[in-house]
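*Asks:* Okay, here's the structure, questions in a sec.
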């Protein structure tokens, strides 16, 4: 078991501990539960889906990286496939506050980058901030997404974001988590191809500036993140953050990164290079390359 889970795990009910122990045994537990695993946990504990998600939130929050605030937020995004995806907030010392990842963004990106097609619900241990409510409004589940908070009845996103502004106001038809392929040819080595593939999946209807980042770890594992724009612009999630979300949730740390590649267009209206390089250098990665999409 990864050390970060030990404290939270010890506080779980005995029957949940017994059912989870084999799943958490791998130090690189992928921070997700398949539909089959969810069903097994429900059977072992007698909990329904909502109660189980709340019980698991401390494990999601244990994935938080909060050296600045020390305020750990956990989220669990429930995919329509039946898979549950953990998420947690991340702060980056030496970078800017704007590079921060919120727990809801983490769980949603985890699901999206894992190939999930849509979300049915999200469970969070604290009320979503306005930034996250706006981020969620970009999803193809829209204002119908169910939000579950401790001690409250579940409500749809529309209840947390009345008079919402979103992609439909800008006549955007393709939404976040819809399947997209921008068709750039995969060239170069495996890391370059992973970055290009991530750029191909970008959700960037506002700027038309595709980008993707791929991180190579010392053991050869590659994590890639795609750019995810938002109708309100500021809640946009850069591609580096997508890759760092996966790296963190899969049990890796920043010193494990040995090389990074950003794929983007040289003439795009928005450029990721400076912010990507600065944040990676703050995390200790200095081997950073750029592949230009043609």
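Placement of Cβ uses the backbone N, Cα and C atoms for every residue, glycine included.
The model shown is predicted, which means the values in this text are computed figures rather than measured ones.
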*Asks:* Report the candidate from 28, 102, 182, 203 that shares the Zn(2+) site with 129, 132, as recorded in Swiss-Prot.
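*Replies:* For the Zn(2+) site that includes 129, 132, Swiss-Prot also lists 102.
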*Asks:* So among the recorded positions 91, 104, who's got the most Cβ atoms within 10 Å?
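*Replies:* Top count of Cβ atoms within 10 Å goes to 104.
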*Asks:* What Cα-Cα separation, expressed in whole Å, is found between residue 91 (substrate binding site) and residue 132 (Zn(2+) binding site)?
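*Replies:* Roughly 15 Å, rounded to the nearest whole number.
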*Asks:* So, three-state DSSP: helix, strand or coil for residue 91 (substrate binding site)?
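*Replies:* Note: residue 91 (substrate binding site) is coil by DSSP, not helix or strand.
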*Asks:* When you measure from the Cβ of residue 102 (Zn(2+) binding site), how many other Cβ atoms are you left with inside 10 Å?
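*Replies:* So the Cβ neighbour count for residue 102 (Zn(2+) binding site) comes to 22.
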*Asks:* Can you break down the domain 'CMP/dCMP-type deaminase 2' (186-294) into helix, strand and coil residue counts using DSSP?
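*Replies:* Counting residues by DSSP class gives 35 helix, 28 strand, 46 coil.
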